[in-house]
Amino acid sequence: MTDASLVVTDLRVEFSGFVAVGGVSFDAHPGEVRFLIGPNGAGKTTCIDAITGLTKGTGSARLGEKELLGRQVHKIVRLGVGRTFQTASVFDELTVLQNLDIAAGRHRPAISLLRARRGVDPAIERALEETGLAGELTTPAGILSHGQKQWLEIAMLLVQDAKVLLLDEPVAGMSQDERTATGELLQRIAAKRIVLVVEHDMDFMRRYATRVTVLHQGRVLSQGTVAEVQADPRVQEVYLGTADAMTEG
Amino acid sequence: MTKKPWISLGGIGVFAVLLLAVAPLVLSDHWLNNLGKYCCWAIAAVGIGLAWGRGGMLVMGQGVFFALGAYSMAMHLTLESAGDRVPGFMVLYDPLAPLPAFWEPFRGAGFTLLAIVLLPVVVAGILGYALFKRRVKGAYFAILTQALAVALATLISSTIRETGGDTGLSDFKYFFGFVLNDPANKIMVFLIAAGLLVVCLLVVWQLYRSRFGELLVATRDAEERVRFLGYDPANVKLVAFVVSALMASIGGAMFVPIVGIITPAEIGAAASILMIAGVAFGGRASLFGPALGAMAVGWGQSSLGSTWPDGWTYILGLLFIVVILFLPNGLSSLPARFAAARRRPEQKAAPSAATPELEEVRS
């Protein structure tokens, strides 16, 4: 069950003629921190959007035996696929505990919604411990720092018991210390889960990636370990080469 | 944080004592009857507070559900007063007019009570399902509900033979076997309305402190995020919408024996907006705000509105503007504002847990 892998095959996404993702294939397995990198407009976030049902894609994205494409967003989530967004989106007016409680709610029977919460779910306590938010239980999420909001989002995925965590630029805007803490957190939680990170930050990628997929203009440019990818001349060209490639949006 | 619900519960208790024990003792028959009328609007307002304040759905056409309850009740009381004969207004145009088929079941008291509860649930259920699953929200939702209220009022106006048209239904003599003119029975009808208001407050009190209440606020503020937590936001909104429709229907049903008349004017666009005005005035996201706001607007209408009918509309309009500009969360946010100002005079007040997003209305 926990060994199920995320296998994406020939994923294509078109926006009224414009091909945002043109046949991307990759796979991600439990136990590794998988990075999806590439210049702006490479189609990284669109890949995640398609996998989570936010935009329509063709091809295939399977979690174990189950096909994800074509299902409704909340049904895909119920199969164990969780994601975060580039801008941290937590429920600002609810406390950290309330945020997590809602995330944990999908495992409860619907009728329990009518009762008030008593005590803290053990899963929530574990997630708070894991993400270092234990002291912020009753803080409204809106006044958390930027980094803490991102951690709260990750904590929400943990209590949600997601098997696949798709993280869209989790360290954008974070301080160096926060990046380190986040990277270590990702490595810990990846032990039993599939963690797929979309990132711009090359330094962060180098430090924490197990394997990397480089996207460029909607296609897979290179795939492999950090060292392999860095040695790939095509990657060097896209990232270091001509100014055109850098500014392409 | 864990204590606050119990304070609110105490507040409902005090409110219940004032309404059910003190008011009948100190108020004249005339004002008690008026207070009963405000209670009916307040019942509908409590539902609006749930749907709009907590759920972010600007329900501009609660008159529709108010009408379902009111006309169900009015048809029953009309038939009860007419006895075996066909109601007077129907024979006015055609002495041999038969009773329309849809009136017939409303002879039964049980059917009428069932209709008051089930009609709004079914109508709001179908309407809400269709709208929320298609992700209709914001201004589109508001306009759509408003249009329905206009359409229903027009339909009733134009079917004078079946529904009494603009003249409405009136002259009710009996209320489930009780003579309505009897002062003791009037007090009983008031107590039923006031009691139902207290029950509605208790229902939303439990809903607000429950996990559903938290989920509803989450859905209001970030619907997409809720979807990515594995919930279907449409279902969450649907529940709040149906409960609010049910409350509007109950308010409408009690309005009929208390006021003694129901016309399309009481359920149309203007009436629906007046219900919203009370809720905005009192504070849409708070527990007591909608009910007290609706009662205050009702009181203003019958005291100022009768002595100074031209000025009242302006006062109401001005009040509305001032509240929206300076107190977007209504009068009930005043104590929290004062407290925040005293604690940290130099800092800007932190958003309170019940501050609704204005986006929904603006979008």
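Including glycine, each Cβ sits where the backbone N, Cα and C put it.
TrEMBL lists B:6-28 (among others) with the feature transmembrane segment.
Tertiary neighbourhood of the transmembrane segment (B:35-53): same-chain residues 19, 23, 27, 59, 62, 65-66, 189-190, 193-194, 196-197, 200-201, 204, 207, 216, 240-241, 243-248, 250-252, 254-255, 258-259, 275-276, 278-279, 282-287, 289-295, 297-299, 302, 354, 356, selected by CB-CB distance under 8 Å and a gap of 6+ residues from either end. Annotation comment: TrEMBL describes B:35-53 (among others) as transmembrane segment.
Note on the transmembrane segment (B:59-79): residues 44, 47-48, 51-52, 87, 103, 106-107, 109, 112, 115-116, 119-120, 123-124, 142-150, 152-153, 156, 163, 168-169, 171-172, 174-175, 241, 244-246, 248-257, 262, 266-269, 271-273, 275-276 of its chain, located 6 or more positions outside it, place their CB under 8 angstroms from a CB of the stretch. According to TrEMBL, the feature transmembrane segment maps to B:59-79 (among others).
Annotation source TrEMBL lists transmembrane segment at B:109-132 (among others).
Sequence annotations record features per position, and here TrEMBL assigns transmembrane segment to B:139-160 (among others).
Residues or ranges marked as transmembrane segment by TrEMBL: B:187-208 (among others).
Here TrEMBL flags B:238-263 (among others) as transmembrane segment.
The transmembrane segment annotation in TrEMBL covers B:269-299 (among others).
Residues or ranges marked as transmembrane segment by TrEMBL: B:311-328 (among others). If one looks beyond the transmembrane segment (B:311-328) by at least 6 residues along the same chain, the residues whose Cβ comes under 8 Å of a Cβ in the stretch are 277, 280-281, 297, 300-301, 304-305, 334, 337, 358.
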Do the transmembrane segment (B:238-263) and the transmembrane segment (B:109-132) come close, with at least three CB pairs under 8 A (pairs 6 or more apart in sequence)? yes
Chain residues outside the transmembrane segment (B:6-28) and at least six past its termini with a C-beta under 8 angstroms from it: 35, 39, 187, 190-191, 194-195, 197-198, 201-202, 205, 287-288
